[in-house]
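A.B. asks: Quick one: the structure is below, questions incoming.
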2 protein chains.
Amino acid sequence: MPRSPMRAAPTEAMGFAMRTEPLKVALLGCGVVGSEVARLMTANAADLAARVGVPLELAGIAVRRPNRQREVPGVAPELFTTDAEALVKRDDVDLVIEVIGGIEPSRALILAALESGKSVVSANKALLAEDGATLYQAAEKHGADLYYEAAVAGAIPLLRPLRESLVGDRVSRVLGIVNGTTNFILDRMDTTGAGFTEALEEATSLGYAEADPTADVEGFDAAAKAAILAGLAFHTRVTASDVHREGITEVTAADIASARAMNSVVKLLAICEVDPVAGKVSARVHPAMIPRSHPLAGVREAYNAVFIESESAGQLMFYGPGAGGSPTASAVLGDLVAIARNKMTGRRGPGESAYAGLTVRPVGEARTRYHISLDVDDKPGVLSAVAGIFAEQDVSIATVRQSGRGPDATLVIVTHLAPDAALTATVARLRALDFVRDVSSVMRVESE
Amino acid sequence: MPRSPMRAAPTEAMGFAMRTEPLKVALLGCGVVGSEVARLMTANAADLAARVGVPLELAGIAVRRPNRQREVPGVAPELFTTDAEALVKRDDVDLVIEVIGGIEPSRALILAALESGKSVVSANKALLAEDGATLYQAAEKHGADLYYEAAVAGAIPLLRPLRESLVGDRVSRVLGIVNGTTNFILDRMDTTGAGFTEALEEATSLGYAEADPTADVEGFDAAAKAAILAGLAFHTRVTASDVHREGITEVTAADIASARAMNSVVKLLAICEVDPVAGKVSARVHPAMIPRSHPLAGVREAYNAVFIESESAGQLMFYGPGAGGSPTASAVLGDLVAIARNKMTGRRGPGESAYAGLTVRPVGEARTRYHISLDVDDKPGVLSAVAGIFAEQDVSIATVRQSGRGPDATLVIVTHLAPDAALTATVARLRALDFVRDVSSVMRVESE
């Protein structure tokens, strides 16, 4: 007979009848993160056992290429297997860690684990942002846990605070730097004056960018994280395709110089906002200028930082290394201890919270500010004509600055908050003016 | 028959047989935090119900003075009672929030709640730092939860990340600004050049300091928080009396000016460190100079920020409002939702983790750096004699700077890391030298 859910079981309260044999863990993937997870599970075995109550033992490590030399200190070579599916389904496997990445076969493997009641830790932002709901439903149906702190901002504890600490509050906005590779590139462009290509090359040679940097520099990685953050912050479902996404490949040295002239820096920001009255949520990823006095402006190199604004708590910031084997492994192991403890006591962590059911607001409706640099003919009436275009679109101008004269004349315009669609239309109209020789920089501005 | 702790109960997995009537909450204390908790429980009732699964209903509010006019919007006057004990023990009360503060009657009330299996949220740093172990034992014995995120750094999610997110990692150091009142005072001294008394008066008039500011300015509040942080970070028991404590009442405008001359600021820091090889933990609270380039130097006014350094995650920082009714209420409500969800599903959150059983290292053994300003007679041989005193104590000097000549001659000395006891002894010897007219400033320096 199932016990009442309203009373803690005597087994929990008194601490008897507890399992003493090890919990067996299947590790799927053994790249940078997976090998560090395996190493730490061995090196810190005594601490982990003390924190869980029983030892955590590696049951097997699924890899794609069996012949590649694996050297994980303390891990027996016979633990490696290429049959991930068989490993997940083994009767002696209690818990599963997925650090393969990508949609398939990760999704099928995670679902197989959850369907046999095995709790899962995943670091897979792409999968969670595309199809988190399916995973959550499987976890709920089969009484298993799904934890994924490592999927966003590496080691920075961000999802647990959002899911649990702030659950009694109303989050209004999440604003952050969630991709280390692009932050490294933009930081280098700012400090050295380098162009995008040059800075990307440096990032690649230092190991901050992958051989194919598309996921990072085109903003796909940040968009997946923005979807996850928006969903958790606003208790609704948001997928990666709901996120407006612009990468940093179009950011030029001239943009960075423009920002510098305004005492600002360019950052790739993930911005999640909610309009509770309209029942709408928005999530966008794009480069933006922020003033150097803004705390996010001081986030250098490959670090991440995220602001969370909420009704009662006010403004919180979380800062730390956003990627890398060790930091990501720290987040994975924190989740592993959590699901192991839950399993030891028949408990479960929080499931999906998507009761709000908000709709996604298109980026055109988002209210933003633009910084626009125009190379113009230096003749009377130009400013008046330009100002007229802004007025037509109902966009209010905050500041105008003219630099240079004659053929070097440049107008730098910063607007007040306006709908993004109106700003886009304004820029298109400006480009069509015959005395505008070039729109040399268009960038959103975030100031608070 | 108790179910096996190794399988999630069908009731949880399938979601049937769930309670639908409201969970009833006893609120103990209705000051700044309590009244905000009551207000938010009413104003955000629908959201909270959606997140918990059933409504949360105030069963009663215990106050000390019945006649004081209470105006909490939406809260019926008949909910107020002066009999806290009877309220806690009422059969229809499911959960208890303690925001009274202080040791008694809070301890007796919390124990009464836990002993009847009622989970508790507390914001009581003094009690948790003095006698947390007793509370934890009662919670464990009776299968109840004890959450206290609000006890340290207000709304900043700090304890949950330490207890849960970093539980698979090894924390090596916690360094932070955990008292908003003293940070406000030191910030004002830095920006306006005011002395301690003047800055304290401003803090009091603006509501940042209480009428009796002792707990804040003498470092008792920060020491209690340091004890809680050290215990959680290092999985051991640390009480407030284990924490070396120095307040800011002795910090002078001259100290602040000295710091400024070194491009540094003075902050009241809580520093928790572990030496796993020696099996020792240390926790100390004292003013210290930090360089302006340090992220903690930019923490202004009454804000809090805490750095956590760990083996795998590296350096993390958490920043936000450290006090105030609304931020603290946010943390209390986050915990309230957590214990309510746990109760709905017969689960429990993590209990005490004190398996490491470390001993406390006295502050004399802590390795610190000192900044020392000496007013000296300007004559040959002085520097040599002063340097000799440092050498006698085996303290290595990093920099010496002489400013002024004749009767205004000042030597500013910054040491390398040395045992605190050796530095104290050095200062005592310097004071005794006849050509040292005054030791005008002695302050520890933290640089990383």
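Placed from the backbone N, Cα and C atoms, the Cβ positions cover glycine too.
Those TrEMBL annotations? Automatic predictions, nothing curated.
OK, TrEMBL features for this one:
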ACT_SITE  B:Lys225  active site, proton donor
BINDING   B:Leu28, B:Gly29, B:Cys30, B:Gly31, B:Val32, B:Val33, B:Gly34, B:Ser35  NADP(+) binding site
BINDING   B:Lys125  NADPH binding site
BINDING   B:Glu210  L-homoserine binding site
DOMAIN    B:371-444  domain 'ACT'
A.B. asks: So among B:Lys125, B:Glu210, B:Lys225, all listed as recorded positions, which is physically nearest to B:Val32 (NADP(+) binding site)? Use the C-alpha atoms.
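C.D. replies: Closest recorded candidate to B:Val32 (NADP(+) binding site) by Cα: B:Glu210.
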A.B. asks: When the Cα of B:Gly31 (NADP(+) binding site) is compared with the Cα of each of the recorded positions B:Lys125, B:Glu210, B:Lys225, which one is closest?
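C.D. replies: Closest by Cα distance to B:Gly31 (NADP(+) binding site) among the recorded positions B:Lys125, B:Glu210, B:Lys225: B:Glu210.
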A.B. asks: Between B:Cys30 (NADP(+) binding site) and the residue listed as 'L-homoserine binding site', how far is it from one CA atom to the other, in Å?
C.D. replies: 17
A.B. asks: What count of other C-beta atoms do you get within 10 angstroms of the C-beta of B:Val32 (NADP(+) binding site), across all chains shown?
C.D. replies: 16
A.B. asks: Using an 8 Å cut-off from the Cβ centroid of B:Leu28, B:Gly29, B:Cys30, B:Gly31, B:Val32, B:Val33, B:Gly34, B:Ser35, can you name the remaining same-chain residues around the NADP(+) site, in sequence order?
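C.D. replies: The surrounding set, listed in chain order, is B:Leu27, B:Glu36, B:Val37, B:Ala38, B:Val99, B:Ile100.
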A.B. asks: Among all the protein chains here, how many other CB atoms are within 10 A of the CB of B:Lys125 (NADPH binding site)?
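C.D. replies: Excluding its own Cβ, B:Lys125 (NADPH binding site) sees 27 Cβ atoms within 10 Å.
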A.B. asks: Which of the three DSSP states, helix, strand or coil, fits B:Gly34 (NADP(+) binding site)?
C.D. replies: helix
A.B. asks: How does the domain 'ACT' (B:371-444) divide up by DSSP, counting helix, then strand, then coil residues?
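C.D. replies: The domain 'ACT' (B:371-444) comes out at 26 helix, 30 strand, 18 coil.
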A.B. asks: Within 10 Å of B:Lys125 (NADPH binding site) (Cα to Cα), which of the recorded positions B:Leu28, B:Val33, B:Gly34, B:Ser35, B:Lys225 do you find?
C.D. replies: B:Lys225
A.B. asks: I want to verify one value. Collapsing DSSP to three states, which class is B:Leu28 (NADP(+) binding site)?
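C.D. replies: For B:Leu28 (NADP(+) binding site) - judged by DSSP and reduced to three states - the answer is strand.
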A.B. asks: For B:Lys225 (active site, proton donor), just give me the three-state DSSP call.
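C.D. replies: Reduced to three states, the DSSP call for B:Lys225 (active site, proton donor) is helix.
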A.B. asks: If I take the alpha carbons of B:Val33 (NADP(+) binding site) and the residue listed as 'L-homoserine binding site', what is the distance between them in whole Å?
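C.D. replies: Here the two Cα atoms lie 15 Å apart.
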A.B. asks: Just to confirm my parser: what is the rounded mean pLDDT across the domain 'ACT' (B:371-444)?
C.D. replies: 90
